[in-house]
Amino acid sequence: MTQPAIRYELLHTCKQTGARLGIVHTPHGSFETPAFMPVGTQATVKTMSPEELKEMNAGIILSNTYHLWLRPGNDIVKEAGGLHKFMNWDRPILTDSGGFQVFSLSQFRKIEEEGVHFRNHLNGDKLFLSPEKAMEIQNDLGSDIMMAFDECPPYPATHEYMLQSVDRTTRWAKRCKEAHSRPEEQGLFGIIQGGEYEDLRRRSAEALVELDFPGYAIGGLSVGEPKDIMNRVLEFTTPLMPANKPRYLMGVGSPDSLIDGAIRGVDMFDCVLPTRIARNGTLMTSEGRLVVKNAKYARDFGPIDPNCDCYTCKNYSRAYIRHLIRTEETFGIRLTSYHNLHFLLKLMEQVREAIRQDRLGDFREEFFEKYGFNGPNAKNF
């Protein structure tokens, strides 16, 4: 019997919250969970080298199927020996299916049973993406974890629309499984949809669990719904997911949502947030959000976060970084991106330690208080 490409090992369950501490084993090594995955859209985490990502203990990164299909082309990545060799990253990689980009970037799209017709957001060319094509591209990319091609419904959507969408996503998931040519080397995750409707999340989860994927994702959240709705959906969705397989919440990366997601049984998260906000000088610190472009930092020669031991905070001042961001210097974006990624990866280390010590609930209270999430006008990102 061949070993599955992806295997989840549960190490400990937090007695205070039920959060899970675990390890996901992949063909390119293992990573501890709960884990945050930095996003490398174009086969690079913007402005960061693979060595820097390793310095900050990134165990796995994410790359985008849609973007790499358009440029440079999955054939070129395959010829290079796969994504790991192409980008010089020897740790695990997860690729999304391209579905989210088709639904979010393309103005013109037509959903059919076969797949989605849409226009290339770069040049307007007509393109078609189907479950089979999404599998072919990801098999060429050679990621450790691949995602099934799903329909990404808008928020909000009616129950009737969402029901049709959920059933289509299930039919597409079956086709993905049939088309996946390298199951021993790449693990394919199914994506549970259903919006905010409990009956539809159950319908989606039950159908996908029957297909027996090596892991499952929760899609259709972090698309504009309030935080309390996201938490409620997680509360009724994660119990429907197999306890012996990884659970991945797609597109979530704010510190409060990472902690709240872990408390609700999620193992993996990804988001462009830390690097996207870094580019305009917004930073995550142990005491909350800091916008370094603000005039009050012009003569502030202290570090971004006195409690942070990252390269940025050990070497550069708020005043200097403010100057770099205001003059649009690339080095400034590198420094802010490094800090934000380090901050979230460090936060996940603290979350894992709190689970180990059965005190994630206490950790959440302390963190929210210090960060300012408990205040009436709490600012998020």
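We count from 1, first residue shown onward.
For all residues, glycine too, the Cβ spot is worked out from N, Cα and C.
Lifted from Swiss-Prot, the feature list:
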type	residues	note
BINDING	Asp96, Ser97, Gly98, Gly99, Phe100, Asp150, Gln193, Gly220	substrate binding site
ACT_SITE	Asp96	active site, proton acceptor
REGION	251-257	region 'RNA binding'
ACT_SITE	Asp270	active site, nucleophile
REGION	275-279	region 'RNA binding'
BINDING	Cys308, Cys310, Cys313, His339	Zn(2+) binding site
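Excluding the listed site residues Asp96, Ser97, Gly98, Gly99, Phe100, Asp150, Gln193, Gly220, the same chain places Phe103, Met147, Ala148, Phe149, Glu151, Cys152, Ile191, Gly219, Met250 with Cβ atoms within 8 Å of the centre of the substrate site Cβ atoms. Around Phe100 (substrate binding site), a 10 Å sphere centred on its CB holds 21 further CB atoms from the protein chains shown. Taking DSSP states H, G and I as helix and E and B as strand, the region 'RNA binding' (275-279) has 4 helix, 0 strand, 1 coil. Across the region 'RNA binding' (251-257), DSSP assigns 3 helix, 0 strand, 4 coil. In the predicted model, the region 'RNA binding' (251-257) shows an average pLDDT of 97. Rounded to a whole number, the C-alpha distance linking Ser97 (substrate binding site) with the residue listed as 'active site, nucleophile' is 14 angstrom.
Among the binding-site residues listed here, namely Asp96, Phe100, Asp150, Gln193, Asp96 has its C-alpha nearest to that of Cys308 (Zn(2+) binding site). Here the Cα atom of Asp96 (substrate binding site) is found 32 Å from that of Cys313 (Zn(2+) binding site). With respect to Cβ neighbours within 10 Å, the binding-site residues Cys310, Cys313 differ, and Cys310 shows the lowest count. Applying an 8 A CB threshold to same-chain residues 6+ apart, the list for Gln193 (substrate binding site) reads Asp150, Glu151, Cys152, Pro153, Met162, Ser165, Val166, Thr169, Leu200, Arg201, Ser204, Gly219, Gly220.
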